Every structure is written in C-alpha cells, then in structure tokens.
Amino acid sequence: MDRVLLLLSVLTLGVSSQQIIENQRLFSMDATRVQHLHLLAQRLFSDFESSLQTEEQRQLNKIFLQDFCNSDYIISPIDKHETQRSSVLKLLSISYRLVESWEFPSRSLSGGSAPRNQISPKLSELKMGILLLIRANQDAAEIFPDNSALQLAPYGNYYQSLSGEESLRRTYELLACFKKDMHKVETYLTVAKCRLSPEANCTL
C-alpha cells in the first residue's frame, strides 16, 4: 500500500512539473510577443511625434491627457499594488481583453511600412497565446468564460473620413493608446509569469 501511495505521489509530482514547465514555456512565448509589440508601439509613436511641429505635439499631448482610451472601460488594476495582489487568471483575462480591444482599431495602424504590417498578425498570435494560458490556469473556483470579454465600441471617428487636423489627432490617439495598452499587457504578463515561480520576487 505504501509503495502504491509513493508511486502515485511521484506520478502526481511529475505531471505537476510538466504543467509548470509548459506554463513557463507559454508565458515566455507571450512575453516575447508583447515585448515586440510594445517596442514597436513605442517606435511608431516616437516616429509620429518626430514628424510633428513642436506646437502640434504640445496641443495633441494636451488633448490626449484630457481624453480616454477606449480600453479604459476595461476594469483593470489601478496601481502596481493592486496588480501584484491580482490573481494570475485575472491578469490573464484583463490582458486578453486589452489585446482583443485592438483587433479592429489596429487595422488603421497597418500599411505603409513592414513594421506596421506586423501589428495585426502579432496581436492575433498574442491573443491566442493568452487564451491558451487562461485555459491552462482555469479552475473550478475561478472561471472566466470565453464570452466574458467586454465588447467595446470602435473609436468614435474610426469609420469616418476626417480632415487633416482631425486625422492627425486620431492617429496620435491610436498610437498613444496602443503604446499604453501594450505596456499594461506586458506588465500583467510579467507579474502573472512571476507568480508561478515561487522563488521569484514579483515586486514591480
């Protein structure tokens, strides 16, 4: 009997170790994807700002600080302390919703250059990768159904033909919000991955 219990313990430990290794592998892949998107967002935003006159930059930045990104309607941690207290599944679910919210707006960021054309396919890969992590980390006590993602309306002027000044503002808004949201996702995935490593220090 003791030998049977010992064998079961060894088998259980082996399965648990395999799950941890697979989780770490999936997290590493998604971390690489979101890092690439965040760096790309920073570069595109920086390039766009560099193309503006100083006064245009000042005015657009002033307007942006008064506006909200569409994704601000997605409930997420308000600071680093709340982020660190959030469960792995909660951080993954919020990350999924943030990425999903860019599925359509990202199309207007594509075109014109090779880096821009990477945005939509990279977002799709990241979305699928996060979904795999959600499914791998779900349990009976905390389940986020696939249809729980908040359906956000597109940006107010997304489908409209705009004048030069309005088009400039929309592009600035999209790039700034995209950069902001990719930074959020990168932070949440970093904390979630760290949470699965008991010996790690997950302080932001």
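Residue 1 is the first one shown; counting continues down the chain.
Cβ coordinates come from backbone N, Cα and C, glycine included.
The Zn(2+) binding site annotation in Swiss-Prot covers HIS36, GLU186. If you take the C-beta of GLU186 (Zn(2+) binding site) and look for same-chain residues 6 or more apart in sequence within under 8 angstroms, you find ALA31, VAL34, GLN35, HIS38. Taken residue by residue with DSSP, GLU186 (Zn(2+) binding site) is part of a helix.
Residues near CYS177 (disulfide bond) in space but far in sequence (CB under 8 A, at least 6 apart, same chain), listed by position: CYS69, ASN70, SER71. Summarising the annotation, Swiss-Prot assigns disulfide bond to CYS69-CYS177 (among others) and lists similarity to another entry as the type of evidence.
Taking Cβ-Cβ distances under 8 Å and a sequence separation of 6 or more, the neighbours of CYS202 (disulfide bond) in its chain are GLN84, VAL191, CYS194, ARG195. Per Swiss-Prot, disulfide bond is recorded for CYS194-CYS202 (among others).
The pyrrolidone carboxylic acid feature in Swiss-Prot is assigned to GLN18. GLN18 (pyrrolidone carboxylic acid) carries a helical DSSP state (H, G or I).
What Swiss-Prot records for 1-17 is signal peptide.
When Cβ neighbours within 10 Å are tallied across all protein chains shown, the highest count among the disulfide-bonded residues CYS69, CYS194 belongs to CYS69.
On the backbone, the CA of GLN18 (pyrrolidone carboxylic acid) and the CA of HIS36 (Zn(2+) binding site) stand 27 Å apart. Under the DSSP three-state reduction, CYS177 (disulfide bond) is assigned to helix.
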